[in-house]
Ligand SMILES: CC(C)(COP(=O)(O)OP(=O)(O)OC[C@H]1O[C@@H](n2cnc3c(N)ncnc32)[C@H](O)[C@@H]1OP(=O)(O)O)[C@@H](O)C(=O)NCCC(=O)NCCSC(=O)c1cc(O)c2ccccc2c1O
C-alpha cells in the first residue's frame, strides 16, 4: 500500500508510524485510518519488529481526532460512521507488540482515544489532552469512554467527557493517562529508551501479557459495535450537525435550540 497520510519507518527493531497531516493538526480521515490499520498490521507481522511507536508530525499535535472538514453528518470512509475507527482501535489492541504513543502538542478527541488505547504513552511537557465529542456533536461509545474509565477512573473519565476540558501533561500524569513526561527536546530519546528496554524482553511473554491485559476489557468491542449504530443515527440529527457546524464556523454551539425535552 502506498501511504499518503502517514509515514512508516522501521529501524533496529522499532516501527515508527507517524500521522502526517500537520496542516490539519494530524486529524484522521478515512484514508488515514486505512493506512494506520495497514501499518499496524505490517509491523505486527514483521518478526524483526518488537516495539511500535505511534506519533504525529510537527510540534502542534499528536492527533486531534476525526477530520471535521471531512464530516458533514457522516465522516468519509467505509466504517459504520464512515471512518473505520473500530478497526483502527482493534488494530492497536490486536497487534501482539507494545504500542507507544509519542505525544507532543494536542491529543484531543479521537487523538486522546488513540493514546488511551496504546499500551504506553510518553508525553512532552507541552502535550495537551482532552475529549471534545459533546462539544462538537460526537462521542466515542466504546474504548474512548469505557476503556478511559479503566485507565483514569470513572470520575475523571466522566469529567473529561462531560466537561470537555483540556488537561496539561502534568495533570495527565497525575491521573494515570500517561506513563512519563519529559522536556520536548528529550521526547525522542525517552521514547527510544523505552523501546530499547522493551526490545530486550521476551517477545512472546510481552505478547501474552498484552493479550491478557486486553482480555479483561474485551467486552468493550461489543459496546463499540452496538454504539456505532446509535452514533450513526445521532450524526443524522440537527443536534449533532450543529456541533460540527459550530466548530467549522469557530463559534459556540447552541445544542438546546428547538429541544422539547
Ligand atoms: C485541537 C484544538 C484544541 C486546537 O485549538 P486551537 O484554538 O489551538 O486551534 P484551532 O481550533 O483554531 O485549530 C487550528 C486549525 O486546526 C484545525 N483543526 C483542528 N482540529 C481539527 C480536526 N479534528 N479536523 C479538522 N480540522 C482541525 C482547525 O479547524 C484550524 O484550522 P484553520 O484552517 O481554521 O486554521 C481544537 O482545534 C479542537 O478542539 N479541535 C477539535 C477537533 C475535533 O472536533 N475533533 C473531532 C472530535 S470527534 C472524534 O475525534 C472521534 C474520534 C473517535 O475515535 C471516534 C470513535 C468512535 C466514534 C466517534 C469518534 C469520534 O467522533
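Glycine too: its Cβ is placed from the backbone N, Cα and C atoms.
Per TrEMBL, the features are:
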type	residues	note
BINDING	64, 65, 66, 67, 68, 75, 106, 107, 108, 109, 110, 138, 235, 250	substrate binding site
SITE	75	site 'Important for catalysis'
SITE	235	site 'Important for catalysis'
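The structure, with features from TrEMBL marked on it.
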residue : record                 : contacts (Cβ under 8 Å, 6+ apart)
64      : substrate binding site : 24, 25, 26, 27, 106, 108, 109, 110, 111
66      : substrate binding site : 27, 28, 29, 75, 83, 85, 109, 110, 138
68      : substrate binding site : 27, 136, 244, 247, 248
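There are 21 other CB atoms within 10 A of the CB of residue 235 (substrate binding site), with all protein chains counted. In three-state terms derived from DSSP, residue 64 (substrate binding site) belongs to neither a helical nor a strand segment and is classed as coil. Whole-number maximum of the Cα to Cα distances across the substrate-binding residues 64, 65, 66, 67, 68, 75, 106, 107, 108, 109, 110, 138, 235, 250: 24 angstrom. Counting other C-beta atoms within 10 Å of each candidate's C-beta, the recorded positions 75, 110 are led by 110. Packing around residue 106 (substrate binding site) is summarised by its Cβ count: 24 other Cβ atoms lie within 10 angstroms of its Cβ, all protein chains included. There are 23 other Cβ atoms within 10 Å of the Cβ belonging to residue 108 (substrate binding site). Residues from the binding-site residues list (64, 108, 235) with a C-beta closer than 6 Å to any atom of ligand 1: 64, 108.
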